[in-house]
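As recorded in TrEMBL, the features of this protein are as follows:
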DOMAIN    A:43-559  domain 'Cytochrome oxidase subunit I profile'
TRANSMEM  A:20-42  transmembrane segment
TRANSMEM  A:103-128  transmembrane segment
TRANSMEM  A:190-216  transmembrane segment
TRANSMEM  A:276-299  transmembrane segment
TRANSMEM  A:311-333  transmembrane segment
TRANSMEM  A:345-369  transmembrane segment
TRANSMEM  A:381-405  transmembrane segment
TRANSMEM  A:417-441  transmembrane segment
TRANSMEM  A:453-475  transmembrane segment
TRANSMEM  A:495-519  transmembrane segment
TRANSMEM  A:593-611  transmembrane segment
TRANSMEM  A:617-634  transmembrane segment
Amino acid sequence: MLNDLKDFLLNDFFVTGDPLILGSQVAIALSIVAIVFVLTYFKKWKWLWTEWLTTVDHKRIGIMYIIASLLMLFRGGVDALLMRVQLAAPQLEFLHADHYNQIFTTHGVIMILFMAMPLMFGLFNIVLPLQIGARDVAYPFLNALSFWLFFWGAMLFNVSFVIGGSPDTGWLAYPPLSGLQLSPGVGQDFYIWGIQISGIGSLATGINFVATILKMRAPGMKLMDMPMFAWSVLASCVTIMFAFPILTVTLFLLFLDRYLGAHFFTLDAGGNPMMYINLIWMWGHPEVYIVILPAFGIFSEVVSTFARKKLFGYKSMVFALMSISVASFFTWAHHFFTMGSGANVNAFFAITTMIIAIPTGVKVFNWLFTMFRGRITFSTPMLWTIAFIPCFVIGGMTGVLLSVAPADFQFHNSYFLIAHFHQVLIGGVVFGYFAGLYYWWPKLFGFKLHEGLGKWAFWFWNIGFYVCFMPQYVLGLMGMTRRFNEYDFDMGWQPLNIVSTVGAFLMGIAFIFQVWQIAHSIKFLKKEKTGDAWDGRTLEWSIPSPPPVYNFARLPQVSGRDPWWEEKQRIARGEQPSPLPPLEPIHMPKNSGIPFIMSFFWFVAGFGFVWDWKWMIIPGLAGVVICMLIRSFSYDTDYYISVEEIERTEAKLRGAY
Amino acid sequence: MLMAALLSGCTDKVIVLDPKGPIGEAQKDLIYLSTILCLIVIVPVLLLTAWVVWRYRDKPGRKAAYKPEWEHNTKLEIIWWTIPILIIIALGTVTVKYTYALEPSKPIESEKEPVTIQVTSLDWKWLFKYPDEGIATVNYVNIPEDVPIRFQLTSETAMNSFWIPQLGGQIYTMSGMAMTLYLQADEPGTYYGSGANFTGEHFAKMTFDVNAMPQEEYDEWVKQAKASGNPLTEEGYEQLKIPGTTGTHTFSSFPKGLFEKVVNQYAVGGSAHRHHGAAPGGESESRKEDAGAKGEHAHTPAASPSPSGGSHHAGH
């Protein structure tokens, strides 16, 4: 009995036998001990619980999203560097095939779902309510629940690294490879439940922000007066609402196949793997637009602020955003032109894919003409934006090349494709979110990040990017296919692979610069006291940094676009600021531990499903249900901030001016 | 940057741009054509970006105009909605034309009769069967030059993708389906082929050589293969199915209808189909194996006419 247990723990439960993983296990254990020690020593447990784990404040939730996503960026980045080392020379035996397969799978899943998505949600949370003059999102409790579902889902996925083994069938896990017969291990189950749990959170966030935008705008703010970032959030969240249910259902069907022996995606008994591939891309393609659209919004804000000029072609921009959001649902089959759908289908999806290039191109022109006759300053957010344009234009062009269906027969699954999607995801999404992070950082924390170190990071990222990915286009044309863990000497792939690896490490150095930059800026804290760090244009810059819990002491009255800029112009012209209405008590949501606890029960249930431990599944699911019931019957969920307290807070925050 | 990359691509290692057959040739032309069409738009955009950023940078004593309120111009916006639309119409037209012309299941026009080769992807090896010649190979394929080859493709396991860059684009191999891909080599040579879609642990080992040779040489090779006295038996195929890698093999014959059997094994009422419930006991101890979807355990190797065949090409 004891021997059985030992056998299970060493052979199945813990991943053993690999020094890299052993090292990580030790590191993880040490980090946990260190964190527990620090929290106990400084008596911070209560603070952690009341200020952070139970918070429903959108700003704090946003900060937690961003911290989590930067950690995931680190993890996914280490995965990438390991892969690049393995590919630096032919027949290298740095990583075994099965280990390599796990790493590219987790790299993809983590970067898209646990890095890009939470970084995006973090920016939504921090910026959107402030931009539209709201005091929180429409459903603050749900917002906290979304975050914790993401968090515990991500934990469940990441734990597979040291417990049970990681998934190894690629980031979209095509059956039959991801089916039980060809992937009998638990890695694939970690994949299903990790993504499933966090995916529910993503869907809820989508609904939450659509409701917030439609119902919570400041008095007088018409939809066509919203900042472009708010429009991009709307476009992204509407896409989430339609795309994520597809993911949930698809993963659930895959779960049924694996857990109950159903046959949705196996050929036996009338199932079909092609159904999975269609479904997963019906989510997967919109997914990449979900993450890129907010980046477009960020660029629009940054360009306008740092060119000190109104955004050019607002209506065109709105139309372009919304049409991309709709069109993204009609292109999915371009991911499998080579699966024999026939000429009619391929022609249709080639055309729909190309059509997306039109609104995207229009946006580029509008950004250029925002800068045209502007007065451009080159702070870090603007640098990222300017670097984005050529990068995304080239990445977009190779995307159009891939959409040419008969040519795609030669590009598909090759490094040409790898280079393309990294170019649009790094050059578009990552550059965009970095621009946003640098831009709104002072709003978030009340101090700017060190510009000099930021510029070092910027150049390392950019040069590293081109050194890493330009060779991969050529490697694709040399016949190198994705997911190869080794290649032969005679293919002539080595020189370019070495260049590519060097580029990857340059980006790694860039990340170190960013960590240094953050640490340095915290240490030599230079308080940013105006609340308006960049001479901004939109409402978030009209309040102190960091904003008080209620954001706006008085809800702003808005007429027209760029309300804060217009207000500043009026004051500069010597006009009287509009008279302030009297303060009123502010209605706010109360903190709640239920989102954290309920999501933890999801984690427990998910872990139980992964190992098929009913003794764990049942209490896990029961915990979820009980949390729902408790929440449904609790009526003491809100409170009022009194006028005196608002006055005190405002005096303290604004007195510092 | 990309231009430079493409231009530097004129070496013989950039095999996609160095095609040796009509399909690859047409695809290369299409790649060049679509690249040029795209460059017509993006080169001016890149230049414009550089100019705007330089011209309107903020510095003391700058002479460039500054119009902070200028936010709309219908004419300009119509222009840049129109330009991409026109380019996409042009590119779309070309694409649709080529999509029909290069549909992989469309026979290549030739005076010569096509040679049929049946391709099965296994874990982790390729099986090629020549139904008309009655021979089979593993991990290499010989073809006559200047003759259209009709590849029929399926998979015994996860889906792979059959790609010979210098002859033309890839097509997936999928279990339960037979796909068709016409390719042709215009000159003799050895061409690189690979499985382009991930299929698990040793997927990177699934590369193979395609040897295109003059008709006489090819005929001679077929004759030798037939005379080699090394048949692929039913049993041998079962051995071959076991996950693992292997070198190259040549078989003098293979079980009749093997390809069709592999393709049809999942069809309701198909010859080899049985439910997983019939899996023999003892083999499946955990739920994972018990729910095994394809019912592979249910296959009992059919009585083999030649018991000696399958020993040396088992998976390692």
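Placement of Cβ uses the backbone N, Cα and C atoms for every residue, glycine included.
Ranking A:276-299, A:381-405, A:495-519 by CB pairs under 8 A with the transmembrane segment (A:453-475) puts A:495-519 at the top. Confidence across the domain 'Cytochrome oxidase subunit I profile' (A:43-559), taken as the mean pLDDT and rounded to a whole number, stands at 95.
Listed as Cβ neighbours of the transmembrane segment (A:593-611) (distance under 8 Å, sequence separation of 6 or more from its ends, same chain) are residues 49, 53-54, 56, 141, 144-145, 147-149, 151-153, 155-156, 159, 164, 186, 189-190, 193-194, 196-197, 201, 255, 259, 617-624, 627-628, 630-631. The listed stretches are A:190-216, A:276-299, A:495-519; of these, A:276-299 has the most Cβ pairs under 8 Å to the transmembrane segment (A:381-405). Within its own chain, the transmembrane segment (A:617-634) is flanked in space by residues 141, 592, 594, 597-598, 600-609, which lie at least six positions past its ends and keep a Cβ under 8 Å from the stretch. Using a Cβ-Cβ cut-off under 8 Å and counting only residues 6 or more beyond its ends in the same chain, the transmembrane segment (A:345-369) has close neighbours at 296, 299-300, 303, 311-313, 316-317, 319-321, 323-324, 327-328, 330-334, 337, 385, 389, 392-393, 396, 399-400, 403-406. A contact between the transmembrane segment (A:417-441) and the transmembrane segment (A:276-299) is present, since 3 or more of their C-beta pairs, 6 or more residues apart, lie under 8 Å. The transmembrane segment (A:103-128) shares the most Cβ pairs under 8 Å with A:190-216, out of the stretches A:20-42, A:190-216, A:276-299, A:311-333.
Here the transmembrane segment (A:190-216) has Cβ contacts under 8 Å with residues 105, 109, 113-114, 117, 121, 124, 128-129, 132, 134, 137-139, 142-143, 145-154, 156-160, 164, 166-167, 169, 173, 178, 226, 230, 233-234, 236-241, 244-245, 247-248, 251-252, 254-255, 258, 599, 602-603, 606-607, 609-610 of the same chain, all six or more residues outside its ends.
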